[in-house]
Amino acid sequence: MLNILGKRYLFFAISLAMIIPGLIVMAIFGLPLSIDFKGGSLLEVEFASKTLPAPAEVVALYNDLGITDAQVTTTGNNTLLVRSSFIDDDVRAKVVQEMNSRFNDTVTVLRFDSVGPTIGKEVAGRATLAVSIAALAVIIYITWAFRGVHNAFRYGVCAIIAMIHDVLVVISLVSIGGVLFGWQVDALFLTALLSVIGFSVQDKVVVFDRIRENSQIYRKLDFEKLANHSIVQTLQRSINTQLMTVEYMLLAIALFGGITLREFAIILLVGLFMGTYSSIFIAAPSLVIWESGEWRNWFKRGAKPASA
């Protein structure tokens with residue numbers, strides 16, 4: 001039988017290796033918030049000639065109009081995305097008019113979104129509240145669902161630990177993506193994050209439920225061996241549900257979808273994979289460490305982590 005729990009500290013190290021680089025990038029460059037959360041304007045335009053001006057030329061145009069923080073990116077559909085501080089419809093009309101005359105082309109506005117700074121902060125606060133409520137609901141639900149198990153709240157706390165792991169991986173991913181590819185944390189990202197949280201909890205309930213069932217059957221079996229046996233039993237189900245269905249669909253969207261959906265699909269792709277990963281390699285090992293009291297050895301000088 002696979003001895004997954006015997007290598008738990010190796011998997012903890014792998015998780016840290018995935019999370020820490022992104023957190024370092026975030027500490028240096030900050031979280032790439034979109035206008036949804038910090039306020040500002042997003043203008044997407046298309047040129048009739050299909051010939052796009054250089055981003056520097058568009059930035060210069062904005063500067064001439066007194067907008068000094070414009071950021072320009074091109075998309076795979078021959079359009080320009082311009083992010084800037086908040087501008088109203090009148091200023092947007094002047095920008096488009098200036099583009100028409102300066103670049104001698106016909107410009108079509110495909111999208112224009114503006115969010116004031118106050119509204120952006122309010123949305124950010126509500127998003128944080130939504131994630132916090134989701135985390136609290138997870139603890140309450142799992143504690144209630146496993147109420148017949150000794151120390152049922154530990155199952156809920158370990159699920160939250162693993163869920164935080166998944167969230168940190170996703171945040172690390174978008175932080176690095178923000179620097180390399182111009183990704184931003186927007187409303188679509190929040191949708192992906194909440195989806196990851198929901199799937200993550202569901203997968204952990206499956207693993208924990210098998211541990212609960214086996215604890216009634218193998219009453220005299222060591223808890224670590226029982227948990228490892230339960231993980232092996234659910235491993236095929238998790239892989240089949242994850243890799244053979246959802247991940248293939250998301251991979252197709254990431255490879256062939258539009259630029260807006262691509263970031264969403266990649267975040268979901270990684271996040272859902274992490275949901276399965278953390279159920280096996282983070283949540284269950286954390287429960288074993290807590291149940292066995294192994295964590296007390298961490299604070300003893302010269303003590304080595306226990307291994308199976």
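Keep in mind that glycine also has a Cβ here, set from the backbone N, Cα and C atoms.
Remember, it's a predicted structure, so these values are computed and weren't measured experimentally.
Quick look at what Swiss-Prot annotates:
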- 10-30: transmembrane segment (TRANSMEM)
- 129-149: transmembrane segment (TRANSMEM)
- 160-180: transmembrane segment (TRANSMEM)
- 181-201: transmembrane segment (TRANSMEM)
- 241-261: transmembrane segment (TRANSMEM)
- 264-284: transmembrane segment (TRANSMEM)
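Here the transmembrane segment (10-30) has long-range neighbours at 165, 168-169, 171-176, 178-179, 278, 281-282, 285, meaning same-chain residues at least 6 beyond its ends whose C-beta is under 8 angstroms from one of its own. Here the transmembrane segment (264-284) touches the transmembrane segment (160-180). Their Cβ atoms form 3 or more pairs under 8 Å, with each pair 6 or more residues apart.
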